[in-house]
């Protein structure tokens, strides 16, 4: 076999047996028994094989569905606490993908969708749980904010745009998008403004719930590949939303009062009433675990919408101890992330235990939950991250309680074991 452009024996002009180009039009012409192939055709064949392998690999990976125990273990690696919610989510997600895997109904039994409603305070981990599950399953994931959604035809974002975002995440591969997870945050903000239907249109409340109904339950949504109203002439993609898992989340502030009111009905009033002491009163998190569909209706969600979210999981408010764990224990804990950033400069970053407690205490006082931790850590380390790339010889930075309280700067330790504050003071 040869790869020369000339045929020394006959002087005959040779052509690629695949594309027909002559030996003078290509860089290489590889000879076989009565056959020739050029370098361009070889490269094209390699590209085709690579694409086919890329398409087959994800399918092979997705053949094995993680069990609820495996899903829960993955959540434990990234999310602290919320044990009950993790178990509920793991089972619901497992059942959803089991339903997709065995699409043909057995004995005429068609399995319903297990869309999920997460109820819990801000910063308790609702979004992180949904994101981590999608990452664990290697499926497309997108988020939407319910407060920005409006009915079609009104100023704002159409509910169909949610599917548009999901398609963008997987390069408009409809098959992949139909296995995706959509997380809709602030779902409590689209509750009806009152129990009585209003004469005027509630385009960002009940109207959005109505618009989301079919999308969540399952419909074939026609989605333009390049966005909504701007390209009416282009061909639409057909996406079956019955295969997409929808997870809705919200803080539902005040829902505990609705639950308490329902629970106390019939418990007696006046002298016959049972009076609970301070210690007997349930916490807000404990009260929320008793939520029933009727409570959500009274809160302002329409019955049809609640019916599309059969799986309900409540998350507890994170205490100071949990926030300390969140700072240091998960695989992608904040302290580990910032340590990695400092390591890129050749500097070791150390957070002392009293510093972690002080950061958690500050987040608790701000009532931001885990969501507020990053901004606190960022503000503590800002000046140090600004200075370190320009300072030679720093091998370690230490953060203690006084740094978090703003009383001092992080301690910098140099190669010759001398230590000084990041500000340059001895």
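Here the Cβ of each residue, glycine as well, is placed from N, Cα and C on the backbone.
According to Swiss-Prot, the protein has these features:
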type	residues	note
DOMAIN	4-57	domain 'ClpX-type ZB'
BINDING	16, 19, 38, 41	Zn(2+) binding site
BINDING	121, 122, 123, 124, 125, 126, 127, 128	ATP binding site
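Structural mapping of features recorded in Swiss-Prot.
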residue	record	contacts (Cβ under 8 Å, 6+ apart)
16	Zn(2+) binding site	22, 26, 29, 36, 37, 38, 40, 41
19	Zn(2+) binding site	38, 40, 41
121	ATP binding site	251, 284, 315, 317, 369
122	ATP binding site	251, 367, 368, 369, 371
124	ATP binding site	82, 315, 316, 317, 318, 369, 370
125	ATP binding site	79, 80, 81, 82, 85, 315, 318, 370
127	ATP binding site	143, 183, 185, 249
128	ATP binding site	78, 79, 370
Within 10 angstroms of the C-beta of residue 123 (ATP binding site), what count of other C-beta atoms is obtained when all protein chains are considered?
-> 23
Sequence gap of 6 or more, C-beta under 8 Å: which same-chain residues meet both conditions with respect to residue 126 (ATP binding site)?
-> 118, 120, 185, 249, 315
Among the binding-site residues 38, 41, which residue has its Cβ surrounded by the fewest other Cβ atoms within 10 Å?
-> 41
With a radius of 8 angstroms around the mean position of the C-beta atoms of 16, 19, 38, 41, what other residues of the same chain does the Zn(2+) site pick up?
-> 17, 18, 20, 21, 26, 29, 36, 37, 39, 40, 42
Inside 8 A of the center formed by the CB atoms of 121, 122, 123, 124, 125, 126, 127, 128, which other residues of the chain have their CB, for the recorded ATP site?
-> 120, 249, 315, 369, 370, 371
